[in-house]
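As structure tokens, the structure follows; a few thoughts come after it.
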């Protein structure tokens with residue numbers, strides 16, 4: 001502990017694996033290793049395929065590249081501490097290191113939310129204004145959108161580590177997860193955390209909350225456009241281009257909303273449920289997104305098969 005008058009700050013926090021199943025951590029690490037491996041290889045494969053295939057150099061796949069980079073970042077943020085606990089029982093993490101990990105986890109989560117919104121906008125333009133799609137979403141516009149997404153995440157979350165650093169901590173230093181999460185750290189403080197709660201809620205609602213609302217609105221407009229199409233075949237063809245994105249949205253937002261609700265209102269929720277929802281939120285989307293897009297996108301699938309044939313020759 002660092003002592004400064006009445007101000008106390010722990011030198012480190014203790015992270016937790018899966019509560020009640022500590023004896024099985026070595027066995028539990030096997031599916032986690034598989035998920036991390038799928039996330040890393042799958043997203044690298046998506047980036048490689050898009051870079052090497054000229055026909056995929058269009059807005060939809062540029063946004064998919066952004067999603068893949070974000071998913072890689074999320075996987076790499078949690079991998080060292082999660083596998084460190086499962087393999088070596090390395091529970092200790094320095095205070096500043098914890099704040100750094102927390103900052104990047106939240107930034108990448110916010111970026112993923114914004115990229116999913118950009119992808120929804122791309123699908124809306126492609127279906128509602130197909131002839132103007134390439135002129136509206138030019139390469140320069142996509143780059144500007146990408147920079148705006150990154151800056152929004154970095155700037156909006158910049159105060160969070162400083163708000164946590166000003167708090168006095170006492171007694172408990174045990175976190176609920178194998179990674180650092182803002183509400184989790186905040187709840188260990190024995191000072192007034194109203195500012196942290198208020199700022200965290202405002203930022204969450206004004207970024208991820210607004211992204212989700214605009215994604216829903218985009219799909220309402222898409223459905224209205226699709227209904228107006230002449231034939232059933234055209235309707236199904238237009239909707240089929242959105243299936244991958246809808247799956248990615250559900251895989252990301254459902255566990256994220258669940259985890260936020262548990263941390264703020266679920267005081268009586270069993271620790272195991274809290275832990276499983278957190279892992280679902282941070283590990284499942286990076287692993288599933290490459291699979292979803294590889295299966296549903298015929299262009300990605302065909303480019304992958306061509307690359308595999310060239311290697312076999």
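Any Cβ shown, glycine's included, is placed from N, Cα and C.
Keep in mind that TrEMBL annotations are predicted by a computer and have not been checked by a curator.
According to TrEMBL, the feature transmembrane segment maps to 24-50 (among others). Long-range contacts of the transmembrane segment (24-50) within the same chain: residues 17-18, 56-57, 61-62, 64-65, 68-69, 71-72, 75-76, 79, 82-83, 85-87, 89, 279, 283-284, 286-287, 289-291, 293-294, 300, 303-304, 307, each at least 6 residues beyond the stretch ends and with a Cβ under 8 Å from a Cβ of the stretch.
Summarising the annotation, TrEMBL assigns domain 'G-protein coupled receptors family 1 profile' to 42-293. On the 0 to 100 pLDDT scale, the domain 'G-protein coupled receptors family 1 profile' (42-293) averages 89 in the predicted structure.
Annotated transmembrane segment per TrEMBL: 62-88 (among others), in sequence order.
Taken from TrEMBL, the feature transmembrane segment applies to 100-121 (among others).
Per TrEMBL, the feature transmembrane segment maps to 142-164 (among others).
If you look up TrEMBL, you'll see 197-222 (among others) marked as transmembrane segment.
For 243-264 (among others), the entry in TrEMBL reads transmembrane segment.
Annotation comment: TrEMBL describes 276-295 (among others) as transmembrane segment.
Within the chain carrying the transmembrane segment (276-295), a Cβ under 8 angstroms from the stretch's Cβ atoms is held by residues 18, 32, 35-36, 38-39, 42-43, 45-46, 64, 67-68, 71-72, 74-75, 78, 82, 105, 109, 112, 176-177, 179, 181, 244, 247-248, 251-252, 255-256, 258-259, 262, 301, 304, all 6 or more beyond its ends.
Contact between the transmembrane segment (62-88) and the transmembrane segment (142-164) is supported: at least 3 Cβ pairs lie under 8 Å, counting only residues 6 or more apart in sequence.
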